[in-house]
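To start, the structure under review is shown below, and the notes come after it.
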């Protein structure tokens, strides 16, 4: 009875075998060639062997063709599904396991055949319904099955075996006609994968989610994505589905490829330096994720698919977008192996990268920003070379930090604002005398990446070496006051340069050189300035005292109304005696007379006239003076002195005596 049912089935479905055995089976056996992995034929030896065996059996007996056709169709379905999930982890072929799977499948098929004898009409009707359902199934439902099968996979590197994926609706048991329908379904599924990168972009994106069973809503696009990289060889092991929304790549396109291939050439050195510095930190801190983080900015390549740019992919230039990468080093979980082989430390380290796109800070041209706009810092040396740039400057200026470091900051100032910057740096040098002093300068224009200028307000601080008194670096905390004319700061700058006359260029060059020379000068100490100020004030005070004493002495001389005579000064040891003779005239005021004399001993001088004055001095020398005063009448006054044999001392002024004391 079993053979009769099989014979009737084979007779009724012989036409479907002839029509679909050549073309549909060929497309089904080479489904991996159209899946995006270079068009290589499938490496599944088991499925191809089963197809060849079925062709041989068909030429011999139709009776055996029934069982062989069922076994081949079901084996191709299940083996391809199993190898798609397990083939990525296999590094060596396992033919014995595949044979066991085939034997088990054949035994299950034979058991099912006994149950189909009593329900052959119902099975045929059910088979027809399944074929109709598979023929009318939408493309999004098949993609949903692909996504479910991929969700089971963990971190393995993809292989060509994993490409031959059978949608869930094409599974199940059936006859030879169902095997032909399965081959045609695989051919349709290959056409789905052959639809190009434009179709692949929508498979893991919003389109696949919205075209599902209707129970799930449209997925919200994410602004960032994450990926896991093996530190052993730099291969990408896992990416989040949001990479399609951010960069346009299909989710699986990064798997098995080096991450640095997607980084811009100018940023690869920065990426490598961050990795080399981050690994020792992770090892020293025990690879704790929260303690081994670092952040930097790079340019990542965007996908050139048919959906984003249409045809002619080769002729279009490669576009890059700025991203802020957060690095976290982790150790991969240990895997149990049958040979009890333990992985050494360091070989199982993983790198988790979270990439966030950086957008421009400006919405409209020439935008006036508020006082609450974020600040960013730029530090440069005394020679004007930029040594540090804050990552917050990327969205405001369009430059990555590595693009500015090592360049002269003078090249970014507007040529009409160089005179303002010269005054600013003069103030920087003056404020450098006091540690921690800061000031705000006038607004000035700064060149950004797209060739436009922004208006900056800056708070300046500086650091002076306390030993050499040389300026080490200048820090500017900038805030954008007015935005550029072009909102997108990441666009390429125009090739044409601003035309400036030769005279203006020479003047600008001279101003830049003057600024650099001024920054190279020695900064005076605050104590030296105080000493100079005190010394200047002391000199002014001494000059004032001398002038005051001169005025006092002149006032004393003008108090008499007649002639006056002054005697010399006599010094004995440390005592100073002054004698003066004043003559008074009745008729008028007399003049003054002076005289000098030398001698030793003691002498007294007396002047006679209308009035008398007496002066007595004792010392080693005697001075003699004669004064004559005239008015309406004539009066004379004389002073006599005695002379001795000793030498007279030089006269001493009042100011000198005060200074001597």
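The backbone N, Cα and C atoms fix where each Cβ goes, glycine too.
Values in this document were obtained by computation on a predicted structure and should not be read as measured data.
Per Swiss-Prot, the stretch carrying the note motif 'Nuclear localization signal' among 39-52, 53-66 is 53-66. Helix, strand and coil counts from DSSP across the domain 'PAS 2' (376-482) read 32 helix, 44 strand, 31 coil. Looking only at the region '24 X 2 AA approximate tandem repeats of G-[TN]' (591-638), the predicted model's pLDDT averages out at 46.
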